[in-house]
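Novice: The structure's right below; bear with me while I get my questions together.
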Amino acid sequence: MARQNSRQPPPEKPSDRRRRSHIILSFWLIVLCLGLPIWWKTTTIYRANLPLQEMLDWSDGKACRPVFPLHISIQANALQEHEAQHLLRLTQHALDDLNDFSGHHLRLQLAPPSGTSHYDRDSVLTIRLAPGETSTANFEPHEPVLDITYPPNGIPSPTSSSSPLATYIASQLRSAFAEEQAAISSLLSASSIPSDHRPQGLSPDASDALSKRPARSLRYAPTYHLTFSLFTGGPLPSSWDIEGAIDEYMKPVLDILSPIHNFTIDTQVQLYAAPGVQNEVLNKEDLSSFINAAEWPLSPSIGGAPTINFIVFVGDQTIATPSQQSSSEGDDASAPASHSWLIPQWGTVYLLPLPHDTTHLAASALKQPFLTFTSHLLSLTGIPQSGSLPLRLSTLARIRSADLLLRASSTLGSLARLALALPSISIPRSVADGVAKTIRHLRLACETLGGPEGLAHARVAEAEAERAFFEKSMVGQLYFPDEHKVAVYLPLLGPVAVPLVMGLINELKAWLKRRRDTAEAGKGKKRE
Amino acid sequence: MDGAMVTPGRTAGLFAGAAVLRLAIFTLLPKLPDLLTGRVEISTPVTSFKRLQEGLFLYNHNVSPYDGGVYHQAPLFLPLFSLLPDFSSLPIFTYLLYTAADLLSALALWKIADSGEAGSSALFTSPRKGKRWSGFIIAALFLFNPFTVATCLGRSTSVFTTCAILHAIAKAVSGAPFGAMIALSFASYLSMYPLLLLPPLILLSYDRQRPERATKSGLKFAATCASVVAGVLAVLFQMSSLVTGSWEFLPSTYGVQLTLSDLTPNVGLWWYFFVEMFDSFRSFFLAVFWLHLASYVGGLTMRIRRQPLVVLTLLMGIFGIFKPYPSISDTSLFLALVPLYRHVFPLMRYTFVIAAVILYASFLGPAFYHLWIYAGSGNANFFYAITLVWGLGQSLLVCDLMFAVLRDEWEVERPEMVGKEIRQI
């Protein structure tokens, strides 16, 4: 008996047993009462409610049909009221026959007869009809006005159903807006707007211009950064009157563009800068490697605003022959040899030959380079090639607003698809706010498309949509599948959990066994 | 080795010796304290003397000391150190303050040792209790422990926390529960983590109440003690907010410990984890680490209910391993209390391994840190690996001490098993 006692430990005291249960309970209470709520609170993914269906509608083009109603007023001071009305009707007819793109609609209206130099600010273009020798059409260079003269017999009689003058005006208008129409329609076709809004046929000429335009111009950004650099092969010139030159030649263009873009500017002077190509005469192939990207401190467009570089290179190098230049159309044609070339989506290089002892470049010496730069800046911002400047600018504004509208819509769509595809991604409140703001501004932009407010709203919408899509806290969790959570939890919590769980199981087993024993003992007693 | 042999002369000699050692190093080797102040093993973001001086400078120039996110220590240090003469011109006063703090800690330790609480508490008397070291030896072991000396020379403010904790225990064993609670409140105010010592300290005070004014009801006693701590802490917080003019010290001192926003390497286990942690899980694992630290309190207090001083000692060891910003000062506090258990040393199984591991880590730790930071021939993993070894050594000591104490208790219940091999089931 004593022997057996020494092998088998004596039964546990009830007080010890109770103490052990209490200890296990104390650990489990901490786990359950503190650990679980904290786990729930710190790892639940916050998903703000997004109007997913509305976002998808926008990206599918169901929410907004981009329509550009363009009002064109006709000033015909020399015509009778009813004659003018009739001409207008006929022209509108001719226009409608020519137009196959419903989103881009030219609507004519008769301007009240008034002073000659006045033009209607509400309409995109004012046509000033005046009697003349033959049919001619001329754009006013500084106002959105098209002067059309007509031969004396050009006025249609009230009964006729067609008139050469009406057809002439219609074709003039159409050619004036052809580029814009083509640009917008290509934007729409590139997006997922349903095909019934698209024009059926594009002239090969227009499609050629279209393919060139986006290739050359920079992607839209609300702000562009302009870098003006003076590179010289030697020690001179070491200073330039850049502020004066910018104020005089660049500022007017920047002011004109200011409703569409903001610009920031910096300048630099680099002495002893060796170009990438040392030839005396630069061939077309050399131009692409002229920029010495490795050594010239030209800031790349990483983050912030995209940079447009304007480089004045002081040196003796010349460009081979003007006829070989295909990329410097904006350059002064009267110059015996080209001095500059445009690098698509990047900027412009201007070769400036100077006497070797020039120490300071005056603003006047920079006139030619800067005129080149301004014209290249316009083509880099994607402004249309033809038409008068005011008309080109308003066209640019419309193209940009359409572009922004579509991009904001497609960003919304991507965000909605992302939120649907990744149920574990967190969506912070700021994203939901951004989406709501985007949709509000998109709606406003859609209503006022074609006008300046439309552009402003589209800009806000695009910026908000991008901000919401690239929300930092969302990107971090983008690629965090559920399997990875095992790798996060297990190494630490696994070892901790083993003694906790085993302790609990043993305790429960012992408790069940005790209950069974007492039950059996009770039964045994009854039987006795 | 007997308490009776200690004469007042020897006591004075011990304290004078410890003070002279510290002041001699301060004055004769003025470079050494500054070197030690910069060591990560001694100065953590929440105890560093350099950061204290930064906070002091801002405070004396009427700028909030918490501006700039360098100073993370309790606000009441600032008026205390402002009272001292300027450190750059008369550093001797600061040296005296730190030396005095160490001597006061040793005094408290002496009292704890002489009370005999380690060998025979109110509910349990060890059969081995005769075999113990006197307060003189235990105080000497504390005062001349290289870790303690280095902490004092490094002027880490954890010296004051150590002092407050030891005084809280000393007050508790001498039957002054309110004094104990007030001292613990100060310790908690300075470093926050000592608040977790409250349950075992309440039990210790409860067991050692003076019979003439004892509170019988345990719950009532605990509630009184807890309210004393809360009251003292409230007063201290109120004073702090008056001193700094706002409540921003709360997030900058305790918030930093709770959220580990300063990831300066130290000898603990937290910093490396949270350098590597995915941001989205950071708050969850912060909670897990804190819960882990806190979860030992309840279990240990219940398991070793009969010897609350053991619980306090073991918790001190656990905190030295697992708290967010540990330093060798926490280890020195733990090592100061371990010799109280001289009577269970024969029951410990791994003393040699523990001593070897702790020595190994103490010598290789600084070397690996040098390799990582200065020589550049190692990386963070070098240092982290050696801190793991350091943590392993300490946790072995904690486990072995716990084993020895439990075995000591068990042998009272089962006298026939004395000296026999046992197996854990």
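Using N, Cα and C of the backbone, Cβ positions are placed for all residues, glycine too.
What you are looking at is a predicted structure, and each value in this text was computed from that prediction instead of being measured.
Pulled these features from TrEMBL for this protein:
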TRANSMEM  B:12-29  transmembrane segment
TRANSMEM  B:92-113  transmembrane segment
TRANSMEM  B:133-153  transmembrane segment
TRANSMEM  B:186-206  transmembrane segment
TRANSMEM  B:218-239  transmembrane segment
TRANSMEM  B:269-297  transmembrane segment
TRANSMEM  B:309-327  transmembrane segment
TRANSMEM  B:347-369  transmembrane segment
TRANSMEM  B:381-406  transmembrane segment
Novice: Could you tell me what the rest of the chain brings near the transmembrane segment (B:12-29), counting residues at least six beyond its ends with Cβ under 8 Å?
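Specialist: Residues 91-92, 95-96, 98-99, 102-103, 106, 136, 139-140, 143-144, 149, 152-153.
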Novice: Is it the case that the transmembrane segment (B:133-153) and the transmembrane segment (B:92-113) have 3 or more CB pairs under 8 Å, with pairs at least 6 apart in sequence?
Specialist: yes
Novice: Counting only pairs 6 or more apart in sequence, are there at least 3 Cβ pairs under 8 Å between the transmembrane segment (B:186-206) and the transmembrane segment (B:269-297)?
Specialist: yes
Novice: Look over the recorded stretches B:218-239, B:269-297, B:381-406 and say which has the most C-beta pairs under 8 A to the transmembrane segment (B:347-369).
Specialist: B:381-406
